[in-house]
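Novice: The structure under discussion is supplied below as structure tokens; questions concerning it will follow.
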Amino acid sequence: MKIIILGAGQVGGTLAENLVGENNDITVVDTNGERLRTLQDKFDLRVVQGHGSHPRVLREAGADDADMLVAVTSSDETNMVACQVAYSLFNTPNRIARIRSPDYVRDADKLFHSDAVPIDHLIAPEQLVIDNIYRLIEYPGALQVVNFAEGKVSLAVVKAYYGGPLIGNALSTMREHMPHIDTRVAAIFRHDRPIRPQGSTIVEAGDEVFFIAASQHIRAVMSELQRLEKPYKRIMLVGGGNIGAGLARRLEKDYSVKLIERNQQRAAELAEKLQNTIVFFGDASDQELLAEEHIDQVDLFIAVTNDDEANIMSAMLAKRMGAKKVMVLIQRRAYVDLVQGSVIDIAISPQQATISALLSHVRKADIVGVSSLRRGVAEAIEAVAHGDESTSRVVGRVIDEIKLPPGTIIGAVVRGNDVMIANDNLRIEQGDHVIMFLTDKKFITDVERLFQPSPFFL
């Protein structure tokens with residue numbers, strides 16, 4: 001597939017890294033020549049220096065015969081105009097744009113379609129982050145929760161702790177503890193190394209366990225791996241930007257929410273707009289302010305400013321002063337590895353959320369959901385099975401007969417409204433949504449090939 005990526009920042013560069021090794025012809029466009037040279041030194045791709053919305057630049061990038069344009073520059077307006085130019089001048093069939101501003105996202109249905117601004121798929125990073133954080137608030141103790149099949153199935157990542165009934169026992173004993181609940185442990189990471197789970201695998205404290213279950217059973221499975229935490233009640237947010245304000249708006253009906261904003265004018269605006277959130281003007285690294293607002297009674301402290309260092313430092317201070325759990329938004333990928341699991345309980349990467357959303361639209365075969373996991377090393381995907389026994393490598397076959405790539409596990413199959421946790425004898429049918437987990441994303445091309453019907457596959 002011939003793909004043009006506009007923007008060589010963290011998202012554009014990471015997307016190129018994900019796609020360049022999958023038999024794609026990638027061209028990256030950016031105004032920053034140094035960024036482009038860095039990418040070209042690392043990967044086998046073309047680069048074009050220039051403004052991504054200019055017709056001349058797009059023509060030079062190969063828009064005449066491109067299959068897809070992905071606009072992820074730092075400017076919403078550039079991304080929108082680029083999609084319009086690609087549609088009007090080059091008839092590029094697939095156009096994806098990252099749009100940050102809530103003003104545009106709010107009216108997306110009216111703004112973005114072929115008769116207006118021709119964007120096929122809109123990626124709204126701030127909304128993705130809000131959704132991710134909200135899911136983690138719904139499941140205290142989870143490190144990550146990803147929904148598939150319109151929310152019917154979830155993949156959850158939890159750390160195993162002493163106190164969980166399964167610790168020190170084989171995975172096969174889970175059925176004895178939960179006879180009426182089906183789940184599939186897709187992977188276990190122990191000391192950062194993947195273990196392919198078997199029934200005889202002993203779960204150890206400290207293991208990072210990835211499991212798939214019907215969404216309504218997630219809490220029950222979590223209770224096998226750790227003592228369930230009490231639901232959060234008191235939440236303190238730091239940062240009143242798009243993410244902080246959007247999160248407060250979503251939480252304030254069900255939780256006691258306080259928000260700290262260091263810009264006085266912005267704090268005043270939020271105090272007027274938010275109905276049940278208490279807004280403070282101040283600095284979250286101010287110990288006196290935190291003490292006055294009873295940080296020791298806060299169940300969850302969430303720092304979502306656009307400053308990584310400020311988020312990390314304020315969260316560390318809050319934890320030291322008694323906040324039960326702290327979560328931070330981190331832009332730099334290197335920081336995520338450094339802080340998660342130390343004093344910081346959970347680090348959220350907006351880039352990772354954006355990449356996951358983008359990959360679900362650029363994967364081959366009928367891939368309808370993608371989640372990039374463990375800082376991009378692993379991947380969970382939702383693929384739709386098409387064809388019949390003569391044209392498909394999966395349709396009409398039981399799971400045990402399917403030649404899955406190394407490190408790939410089928411976790412669940414959704415058929416209509418029915419969720420079926422995978423077992424060796426489950427037969428895949430036309431139209432099934434198949435949820436898979438890959439401990440190594442380098443095999444994603446092999447998985448895509450499995451789900452591409454072909455009369456010549458034999």
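The chain as shown is numbered from 1 upward.
Heads up, the Cβ atoms here are built off N, Cα and C, so glycines get one too.
As the structure is a computational prediction, the values presented were derived from the model and not from experiment.
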Novice: In Swiss-Prot, the NAD(+) 1 site includes GLY7, ALA8, GLY9, GLN10, VAL11, ASP30, THR73, SER74. Which of ARG95, ARG98, ARG106 does it also list there?
Specialist: ARG98
Novice: With DSSP as the reference, give the number of residues of the domain 'RCK N-terminal 2' (232-348) in helix, strand and coil.
Specialist: 49 helix, 29 strand, 39 coil
Novice: Using Cβ atoms only, which residues of the same chain lie under 8 Å from ARG234 (NAD(+) 2 binding site) while being at least 6 residues apart in sequence?
Specialist: TYR255, SER256, LYS258, GLN297, VAL298, ASP299, LEU300
Novice: Do you know the mean pLDDT across the domain 'RCK N-terminal 1' (1-123)?
Specialist: 95
Novice: Restricting the comparison to the binding-site residues VAL238, ASN242, ARG250, ASP254, ARG262, which residue's C-alpha is spatially nearest the C-alpha of GLY9 (NAD(+) 1 binding site)?
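Specialist: Minimum Cα distance from GLY9 (NAD(+) 1 binding site) across VAL238, ASN242, ARG250, ASP254, ARG262 lands on ASN242.
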Novice: If the NAD(+) 1 site is taken as the center of the Cβ atoms of GLY7, ALA8, GLY9, GLN10, VAL11, ASP30, THR73, SER74, ARG98, which further residues of that chain fall within 8 Å of it by their Cβ?
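Specialist: Going along the sequence, the neighbours come out as LEU6, GLY12, GLY13, VAL72.
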Novice: Between the Cα atoms of VAL238 (NAD(+) 2 binding site) and GLY7 (NAD(+) 1 binding site), what distance do you get, rounded to the nearest Å?
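Specialist: Distance between the two Cα atoms comes out at 29 Å.
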Novice: Sort the residues of the domain 'RCK N-terminal 1' (1-123) into helix, strand and coil with DSSP and give the three counts.
Specialist: 55 helix, 27 strand, 41 coil
